[in-house]
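Novice: Could you have a look at this structure, given as structure tokens, before my questions?
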Amino acid sequence: MASDKKNLSPSSSRKLNSPPAEETTPLIDNTKPLSSHPKTLANVFIAIVGAGVLGMPYAFKRTGWIMGLLILSFIAASTTYCMTLLVQIRRKLDSYENGTTNISSFGDLGFAVCGTLGRFVVDVLITLSQAGFCIGYLIFIANTLLHLFHDEPSSDLSLSSGMSLFTVKSLYIWGCFPFQLGLNSIKTSTHLAPLSIFADVVDIGAMGVVMLEDLRLIMRRRREVKAFGGVSVFFYGMGVALFGYEGIAMVLPIESEMKDNAKFNKILALSMGLTTLMYGAFGALGYFAFGDKTKDIITSNLGTGWISSLVQLGLCINLFFTFPLMMNPVYEIVERRFSGGRYCLWLRWLLVLIVTLVALFVPNFADFLSLVGSSVCCCLGFILPGLFHLLAFKDEQGCKGCSLDIGIMIFGVVLAISGTWFSLMEILSAKE
């Protein structure tokens with residue numbers, strides 16, 4: 001990135017703002033010890049991998065396994081490139097101010113490039129995306145507990161039949177509500193940090209158990225699978241893949257705490273590559289093992305043995321305690337805007353209530369992943385990085401660079417509109 005620090009236009013420098021103290025909400029503490037290469041690789045992996053992987057086999061069922069792998073690879077490469085654009089912009093701004101710009105989050109970057117409007121848009125999108133992840137967690141918990149503790153026909157175990165205020169599934173969600181009020185009342189996420197380690201261990205362990213079960217079933221019986229779905233499910237698959245790579249908002253904090261950040265792009269590419277291989281293997285094996293019977297949450301396909309039950313309960317506990325961690329960025333944003341940056345209990349409880357109410361009426365886990373990925377994650381992952389890079393580098397890069405940024409933005413807009421439309425159609429059709 002040495003070229004980013006040369007031939008900088010003074011006129012561009014005057015157009016870029018440094019965030020004032022009241023607008024700065026860094027996601028990390030700059031006084032923390034800097035991370036080594038292996039730790040940075042692990043941090044990127046942890047930031048990216050989430051509950052979205054559990055919907056990959058169902059997405060492969062819809063798109064076909066070859067199309068699913070192609071979509072996954074394309075989204076991974078595109079997202080990685082857009083993440084590097086954010087790093088380029090921050091390094092350019094640092095070169096203007098001799099490293100004193102204090103840009104440690106996506107919102108800081110939005111303010112530096114586009115002023116108050118830029119920060120507002122980023123804050124809104126991050127709030128929606130983080131809340132969307134938590135809604136997905138509640139849906140997963142409800143579906144899994146119903147599968148484990150209620151002897152209902154398999155067709156009723158899927159959330160595709162919809163939810164309401166007065167069903168067994170909704171009772172599981174309401175059962176989480178008072179406990180989440182307590183967990184989300186904790187002022188700082190520092191006290192919840194050990195839960196993050198537990199969550200990552202459970203995630204990896206559960207994925208390993210599921211993949212071993214998939215291999216066992218594949219060895220016993222080969223199911224008929226399709227390689228390609230159709231044009232109608234293309235955007236659906238793109239949305240689910242985008243949801244799977246949910247860590248773009250954490251790229252700048254992770255890069256800023258790296259000891260030798262000149263090599264960050266290589267480590268980012270390596271981590272994204274490993275994640276994509278894992279996602280692809282998990283999605284394909286799950287689809288190969290269950291074929292047309294693959295459910296929206298792959299763990300619902302597992303048997304009733306004690307190992308299977310422990311894995312599913314472990315994932316529920318994992319997501320239950322991950323909920324307040326994922327909501328913490330939302331609280332930082334909302335409290336900064338509505339309570340002067342001070343801790344506000346009633347605002348937090350109101351947000352937990354809103355997330356719970358939305359979860360009650362979402363009919364299908366994978367369809368919801370596609371909706372959040374196509375709408376919110378697409379804006380954060382493609383449209384804003386392309387726009388911010390275009391504004392920051394328009395005086396240095398030629399027509400080719402500007403055209404590439406514009407192309408990324410157009411792709412993001414098309415994907416957002418088309419993917420959101422198809423996802424909404426899937427959700428509405430599932431309710432009928």
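Note that Cβ sites are derived from N, Cα and C of the backbone, with glycine treated the same way.
Got these off TrEMBL a minute ago, pasting:
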type: DOMAIN; residues: 36-424; note: domain 'Amino acid transporter transmembrane'
type: REGION; residues: 1-34; note: region 'Disordered'
type: TRANSMEM; residues: 41-60; note: transmembrane segment
type: TRANSMEM; residues: 66-87; note: transmembrane segment
type: TRANSMEM; residues: 120-142; note: transmembrane segment
type: TRANSMEM; residues: 162-183; note: transmembrane segment
type: TRANSMEM; residues: 195-213; note: transmembrane segment
type: TRANSMEM; residues: 233-255; note: transmembrane segment
type: TRANSMEM; residues: 267-290; note: transmembrane segment
type: TRANSMEM; residues: 310-331; note: transmembrane segment
type: TRANSMEM; residues: 343-362; note: transmembrane segment
type: TRANSMEM; residues: 368-392; note: transmembrane segment
type: TRANSMEM; residues: 404-424; note: transmembrane segment
Novice: Give the nonlocal contacts of the transmembrane segment (310-331) in its own chain as ranges (CB under 8 Å, at least six residues past its ends).
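Specialist: Residues 27, 51, 54, 126-127, 130-131, 133-134, 137-138, 140-141, 144-145, 147-148, 176, 179-180, 183-184, 186, 189, 192, 195-196, 198-199, 202-203, 205-206, 209-210, 249, 299, 302, 347-348, 351-352, 355.
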Novice: Within the same chain, where does the transmembrane segment (233-255) have neighbours whose Cβ lies under 8 angstroms from its own Cβ atoms, ignoring anything closer than 6 residues to its ends? I mean 6 or more beyond.
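Specialist: 26-28, 35, 40, 43-44, 47-48, 50, 52-53, 55-56, 59, 62-63, 67-68, 71-72, 75-76, 79, 82-83, 86-87, 90, 103-106, 108-109, 126, 129, 133, 261, 264, 268, 272, 275, 279, 329, 366, 369-374, 377-378, 380-381, 385, 415, 418-423, 426.
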Novice: State the non-local partners of the transmembrane segment (66-87) in its own chain: residues 6+ outside its ends, Cβ under 8 Å from one of its Cβ atoms.
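Specialist: Hits for the transmembrane segment (66-87): 1, 56, 59-60, 106, 109, 227-229, 234, 237-238, 241-242, 244-245, 248, 251-252, 255, 264-265, 268-269, 272-273, 275-276, 279-280, 283-284, 287, 381-382, 385-386, 388-389, 405, 408, 411.
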Novice: Any residues 6+ beyond the ends of the transmembrane segment (120-142) with a Cβ under 8 Å from its own?
Specialist: 50-52, 54, 106-107, 109-110, 114, 159, 163, 169-170, 172-173, 176, 246, 249, 297, 315-316, 319-320, 322-323, 326-327, 329-330, 333-334, 337, 351, 354-356, 358-359, 362, 365, 368-369, 372, 375-377, 379-380, 384
Novice: Taking 41-60, 343-362, 368-392 as candidates, which has the most Cβ pairs under 8 Å with the transmembrane segment (267-290)?
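Specialist: Stretch with maximum Cβ contacts: 41-60.
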